[in-house]
Amino acid sequence: QIFNQHNAETSNLEQVFHRMAQMEPNLDHDVSWFLLPSYWAKMVVALISFLCFANSYDGDFVFDDSEAIINNKDLRAETPLGDLWYHDFWGSKLSSNTSHKSYRPLTVLTFRMNYLFAGGFYPVGFHVINIILHCTISVLMVDVFSILLGGLQFSNKGRRLNLAPKSSLLAALLFAVHPVHTECVAGLVGRADLLCALFFLLSFLGYCKAFRENKEGHTFSVFWVLVSVVLGAIAMLCKEQGITILGLNAVFDALVINKINLLELIRKLLYKDKSLENAGLLRKGLLLRITLLMCGGAGILYIRWRIMGTGPPAFTEVDNPASFADSLFVRAINYNYYYSLNAWLLLCPWWLCFDWSMGCIPLIKSVSDWRIIALAALWFCLIGLICQALCSEDSHKRRILTLGLGFLIIPFLPASNLFFRVGFVVAERVIYLPSIGYCILFTYGFSLLSKQAKKKKMLAVAVLGILLINVMRCALRSSQWRSEEQLFRSALSVCPLNAKVHYNVGKNLADKGNQSAAIKYYREAVRLNPKYVHAMNNLGNILKERNELHEAEELLSLAVQIQPDFAAAWMNLGIVQNSLRRFEEAEQSYWTAIKHRKKYPDCYYNLGRLYADLNRHIDALNAWRNATVLKPEHSLAWNNMIILLDNTGNLAQAEAVGREALELIPNDHSLMFSLANVLGKSQKYK
């Protein structure tokens, strides 16, 4: 009985504490929305986020998935695990000049685990993990938004109180169903953004735990601050944006834990006010915590710099044309236009595209361009929000707006071109984390409208309508990401000026054997971008197969003139020249290809065919042997060696080569047939 009475008193104390906390300004007072217990709120968010992207579970490997997963040797068991720490996201050595320096070893490790557990490249397992990750992140967002929108308060038992259950549920739903997240969830390469976001949020929640026993504001847990730094490092090892959580933790500490008025602090710093000592910076340990965050961040960046090397990533003008502009004015104005496009994708995520490069967004070269209006609108809104965040007399408003802007802007900084050149114009995946800030600002705006609106239920219905439209848009966009054909064709209406879109549609058609349609799209890609060497190479290949040799030669010659180290184009040019019986030029083209790509088995194979046509049998055998050394499963090279040795009467050698080949490729019918012919001539009939 005494025990029950004690429990009842404790419960009453928690309720009193919760009511006292709610007496402070709170978004939920004005928000007309559903109030659910925390457990049910998380269940609803998990279910809805699952429904948005569930239809992507049986999708194919599309677009960049081929390079990051299928062609990435780091996923295979024969590659030592240690190599992951010295290779980039695509499996290239970080020290290589061609490396993009995207260092994400933990993401590659999860791909490797997917591959090993599934026993091969089966996309279902990869997609299921992505969907689960997004659902988990969306559930965590309920807790994160409850802190960002309602503040950080603990009961006398040390339990964190959710002071904004309605607002946090709305913001988490907005995040869960945002269509701009489709690329991260339905595209397997987006695993990097999902893992980064997961540890990003865990780092933030870990930092909040540092203040769990902080009843008077004088003590905090150094352990949880260090845990937060470690989780931030893990986030960065999944994707580069993860490091920004350390800066956001510092901003949160200053605004929420120490309740610093930034404008007042700036004034005191400018006028060297002596009362600065009483501002709480030393009393609450803020300087110590920020020092720990800064030292941790600097250490993480130094280690990464040592692993990555000092060389910048290798990007071309087509990847990010604005960054190659000579004029500082042109660069600045286009960067700001890109920012406005990212903001628009958050506000109205209707026009989505897998790739925004190669002429999709033409450069702004003068102030007479009407697109300048977008820049003006962006900065008008940002300056207005910043002024309100700094100058408002309402401390609650200042805190929410500053946190919203912080989560919107800080995670976007690595993709902003301000510190280094990035390899894209606009990328939907990089606004996965900044969308947290958008959801905070949207929810705060909704609370202000609810406060003023007379018909609050109508406003709530309108927001429900937005959520429903976003769910439908997510489902539609997820279905487009299920196959390359649907994905590439969906981009034609969004970015008709993007040469890469036409190139990818053409490549997809060519892979399916529809050469006539593929030629049309390849020609359009070359028309839109006259320096698009890959489109020229593929178009030249198709024309070569259709025996349109002279046009094929013109295209391939132009491709190697534009990019002299384009090994594939040199090899294809050699094939065309061989067909035109210009053997010396063909041989020179083959050797140029090999010079630029030392390990090129297909080129050695074609070189061997040239030598065979010229009756240079020893050279032909040597070339084919090189091909099989570089690629032991090169069936055509093995077969040609057997046939040539057979035709020249070297039956014993032909038999030895045939048996060697079948040991490596035991089920190859063409090798069996050629070897059978040799054995028959050797009277080994059985």
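All positions are counted from 1 along the displayed chain.
For all residues, glycine too, the Cβ spot is worked out from N, Cα and C.
When the ranges 286-305, 326-345 are checked against TrEMBL, the one recorded as transmembrane segment is 286-305.
When Cβ distances are compared across the two stretches, the transmembrane segment (430-449) makes contact with the transmembrane segment (188-208), since 3 or more pairs at least 6 residues apart fall below 8 angstroms. Long-range Cβ contacts of the transmembrane segment (131-151) within its own chain (Cβ-Cβ under 8 Å, at least 6 residues beyond either end) map to 21, 24, 26-28, 38, 41-42, 45-46, 49-50, 53-54, 56-57, 160-165, 167-169, 171-172, 175-176, 181, 184-185, 191, 194-195, 197-198, 201-202, 204-205, 208, 252, 256, 399-400, 403-404, 407, 436, 439-440, 443-444. Note on the transmembrane segment (372-391): residues 262-263, 333, 336-337, 339-341, 343-344, 364, 397-398, 401-402, 404-405, 441 of its chain, located 6 or more positions outside it, place their CB under 8 angstroms from a CB of the stretch.
As a summary of secondary structure, the repeat 'TPR' (533-566) carries 27 helix, 0 strand, 7 coil according to DSSP. Panel annotation: around the transmembrane segment (243-266), residues 147-148, 151-152, 200, 203-204, 207-208, 211, 214, 217, 228-229, 231-233, 235-236, 276, 279-281, 284, 286, 289-290, 293-294, 296-297, 300-301, 389-391, 395, 398-399, 402-403, 406-407, 410-411, 413-414, 433 of the same chain, lying at least six beyond its termini, place a Cβ under 8 Å from a Cβ of the stretch. In this chain, the transmembrane segment (188-208) lies apart from the transmembrane segment (33-54): fewer than three C-beta pairs between them fall below 8 angstroms, excluding pairs fewer than 6 positions apart. Assigned with DSSP, the residues of the repeat 'TPR' (601-634) fall into helix, strand and coil as follows: 27 helix, 0 strand, 7 coil. Averaged over the repeat 'TPR' (533-566), the predicted model has a pLDDT of 94. Within the chain, the repeat 'TPR' (601-634) has long-range Cβ neighbours (under 8 A, six or more residues past its boundaries) at 567, 571, 574-575, 578, 583, 586-587, 590-591, 593-594, 640-641, 644-645, 648, 661, 664-665.
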